[in-house]
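Remarks on the structure that follows.
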Amino acid sequence: MGAMGEDQRERMEDATVDKFPEGLRVLAVDDDCVCLNVLEALLRRYIYHPTMAMDAKTALKMLRTGKVKFDLVITDVRMPYMDGFKLLELTGLEMDMPVIMLSVDCDKKVVLKGINHGACDYLVKPVYTNDLKNIWQHDKSRRRSQAISHMGRDNAVDERVHPGTLAMSKDSKNKRNNEYHSNKNTESTHSSTTQKSQGWHGQLSFITSF
Amino acid sequence: MDYSNLRRQAASLKKGLFDQGHLDEQFRQVEDLQDEASPNFVEEVVVVFFKDSGRLITNLEQALEKYPRDFNRWDAYMQQLKGSCSSIGASRMKNECMSFRDSCGQRNVEGCMGSFQKLKREHAVLRQKLESYFQLLRQAGPAGAATRPVM
C-alpha cells in the first residue's frame, strides 16, 4: 500500500502517541459527500480500513450482514430518513459496537443526547487529524471491558479502571482535550477550533456536576 | 513555458485566499491528505464541494421563496452547507452559514436574506479563484509536479 511510507513518518514524528493498531475497520456514515471524502482520506492516513456509507440504512445493512467485522462506527448526527441517533440506538441494541458521533455543531443538548444514547465520543466537524489518531482507543477500551466482564467483575467498575484509555470517564476526556490543545497550532485562525474546545469543556463541567 | 513562474502565480493566488480569509487551516489539512496514492485529491474534493454546495444553494434559494419564514427548513439546508464548508476550509462561506443560522434563530428574514446573498457571492468568488488555481497548477507542470502542494 502506498501509505506505508507515511505511516512510518507519522510514527517517527509523533513518538509521544501510543502505537496504534493497523487495520482498524471503521464504518463512517455521512450524507455529506465532501466530509465523507475527507474523512476517508484521513482514516486511510492512519492505516484504518474505512468503509463509507452515505446513509444510515445502508450502514445498518452492512453491520447486520456481518461480511465485514467492523471495529468502530463514526456517524454524522443529522442525516435524512434515519439520523445518527437512531443508528446509534440500533447498533447499541443489536451489537456491541463503539459509535462516535459527528456533527456540525457542539450543541450541549445534542452532545448529551449522544452520550445518553451510548455514544463513546462526539466530534465536531471538521474532523482533525488528532481526533482520529486516538479513536482506536475506543475499540481497545471496549475489548478490555469485554475481557474484564468475562472474568466476572461488575461492569460498572470498567469505566473507572482504565485511565490510559479514552473510556467515557471525565478524567480521560480532560486528558484528551489537553493533548488536543497542545497539539493544535496555537496560531490557527480557525475560530471554530476555540469554539469547539470551549464547547467541549463546557459539556465536561456540565456532566461532572451530576 | 515558464513553469516556475506559473507555480509562483498559483502559490500567490493561494496565499491570497488564505490572507483574505476565504480559506482556513482545514484546507491545508485537505492538501496534506494528497499523496502519491491520490495525486489529485484536493482538486477532486473541491470539485465535489462546488457541485454539492451549488445544489444546496439552488435548493435553498427555491425554499426561501417557496416556504416563506420556514426557518427550520432553511436552517436545515444551511446546516448541511456548513458541514461541507468546514470540511474543506471554506472559511468565509462557513461564517455566512453561521450568520444565516443565527438569523434563523432570531426569526430575522432580512438577516437571512442578507447572509444568503453574501454566501452566494463568496461561493462564486471562491469557485472562480480555485478554478484558476488548479488551472495554473495543471499548466505549471506534468502530473509529477502537480502532486506536490504548492507552498
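The backbone N, Cα and C atoms fix where each Cβ goes, glycine too.
From a predicted model like this one, the values you see are computed outputs, not experimental measurements.
Look at TrEMBL and you will find A:151-162 (among others) tagged as compositional bias 'Basic and acidic residues'.
Summarising the annotation, TrEMBL assigns compositional bias 'Basic and acidic residues' to A:170-184 (among others).
Per TrEMBL, compositional bias 'Polar residues' is recorded for A:185-200.
What TrEMBL records for A:25-140 is domain 'Response regulatory'. Each residue of the domain 'Response regulatory' (A:25-140) gets a DSSP state, and the totals for helix, strand and coil are 53 helix, 24 strand, 39 coil.
Residues annotated as 4-aspartylphosphate in TrEMBL: A:Asp76.
According to TrEMBL, the feature region 'Disordered' maps to A:143-200.
Within 10 Å of the C-beta of A:Asp76 (4-aspartylphosphate) we count 27 further C-beta atoms, all protein chains included.
Over the domain 'Response regulatory' (A:25-140), the average per-residue pLDDT in this prediction is 90.
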